[in-house]
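If you check TrEMBL, you get these features:
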- His261: active site, proton acceptor (ACT_SITE)
- His298, Glu305, His336: Fe cation binding site (BINDING)
- Tyr314, His336: homogentisate binding site (BINDING)
- 115-249: domain 'Homogentisate 1,2-dioxygenase N-terminal' (DOMAIN)
- 274-384: domain 'Homogentisate 1,2-dioxygenase C-terminal' (DOMAIN)
Amino acid sequence: MPFYRRVGEVPHKRHTAFRKPDGGLYAEELMGVEGFSADSALLYHRGLPTAIVDAVAVPDDRGTLVPNHPLKPRHFKTPELKFGASADAVTDRRRLFGNADVTIGFVVATAPSPLYRNAAGDELFYVQGGSAVFETIYGALEVSDGDYVVIPTSCTYRVVPRGEVRLYVLEARGHIGPPKRYLSTKGQFLEHSPYCERDVRGPVAPLLVDGSDVDVLVRHRAGLTRYTYATHPFDVVGWDGCLYPWAFNIDDFEPITGRVHQPPPVHQTFEGPNFVVCSFCPRKVDYHEDSISVPYNHANVDSDELMFYVRGNYEARRGSGIGIGSLSLHPSGFTHGPQPGAAEASIGAEFFDETAVMVDTFAPLELGEAAVASEDEGYAWSWSGRGPGA
């Protein structure tokens, strides 16, 4: 995150003796990205963050990915995905899509997850419904419907649902943050940014938990490993820096509109390695007297477009079978646009009550087992009204 936070107790100078009440030293840990040349945080532990007593390889079975072949636009229904009565947000994620840059999954969680750390990249959650607490080494984040949650690489955390929580999850092979064009050279959100520091929430107090021989599941470039730590990793008495978990609610995104229809980049919310995330929010729409307020037909020649429909009515897809919890995949190589009749119906519209999360990837998305299990096979023919053999 581009701006500095300080939580709990830290010494006046970094890399100096910081003593416990009993006179011993707190263990200082630097959490930094890009090899000491980008954002970092300094954390002060009661125990040693290096002290493990066991390390065990864990099977990593998320199924295989299959290409989008034959190349088609596709529709998937997450409400049709089944989860166990005690599913958790880490081990019960079901993979929908993936490529070398990002894995996209979904889970309906009701049980606390194990302690977990993704050492391969940042994670971005979208809370489609319900609420939860993200407990992390930096402190706790309370999240609920509409929240985005960014968990930085190598942050140990667990998700504790408050009842049932529905989570859309992106796992990047790299880092996720605000688009660079929204930030000054010093990292401040600029005036044209559709959200700013006042909208961002981070941990506000340390989270201290006692324990010994504590398991942490770690995802890394070679797979999964379960570490057993001598002491509980939630032992940080204070930290400061610009690298930490944070949350931002989609309702705090300020839509950018114009006299005629604006292109998707005005909705951009995050950027990651070879992908972007956009937020389509309720908004006053285009105000030219002859404006067509739904998107024009367009060919994403360099990207796949994945839209997750989370609230309201998405006018461009009316009549397609898409509803709340649906995902549409419009791949590079296929020209897509509004459903028949939607363009004419949008003329004179003043407001769209719709909320959707869009991910555009610059490498093709392949289909995971959860996508295959939830596909609406008839969607590709929804513009013509008839399919093969009809």
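Glycine too: its Cβ is placed from the backbone N, Cα and C atoms.
Separating the Cα atoms of His261 (active site, proton acceptor) and His336 (Fe cation binding site) is a whole-number distance of 16 Å. In the domain 'Homogentisate 1,2-dioxygenase N-terminal' (115-249), helix, strand and coil residues by DSSP number 6 helix, 72 strand, 57 coil. In the three-state DSSP scheme, His336 (Fe cation binding site) is classed as strand. Glu305 (Fe cation binding site) and Tyr314 (homogentisate binding site) are 15 Å apart (CA-CA, integer value). A mean pLDDT of 91 is what the model gives for the domain 'Homogentisate 1,2-dioxygenase C-terminal' (274-384). Apart from His298, Glu305, His336, the residues listed for Fe cation, the same chain places the Cβ atoms of Pro295, Asn297, Ala299, Asn300, His330, Phe334, Thr335, Gly337 within 8 Å of the centroid of those Cβ atoms. Around the Cβ of Glu305 (Fe cation binding site), the number of neighbouring Cβ atoms within 10 Å comes to 21.
Residues within less than 8 Å, Cβ to Cβ, of His336 (Fe cation binding site) and separated from it by at least 6 positions along the same chain comprise Pro73, Asn297, His298, Ala299, Asn300, Glu305, His330. Counting other CB atoms no more than 10 Å from each candidate's CB, the recorded positions His261, His298 peak at His261. Annotation note: Glu305 (Fe cation binding site) sits in a strand segment as assigned by DSSP.
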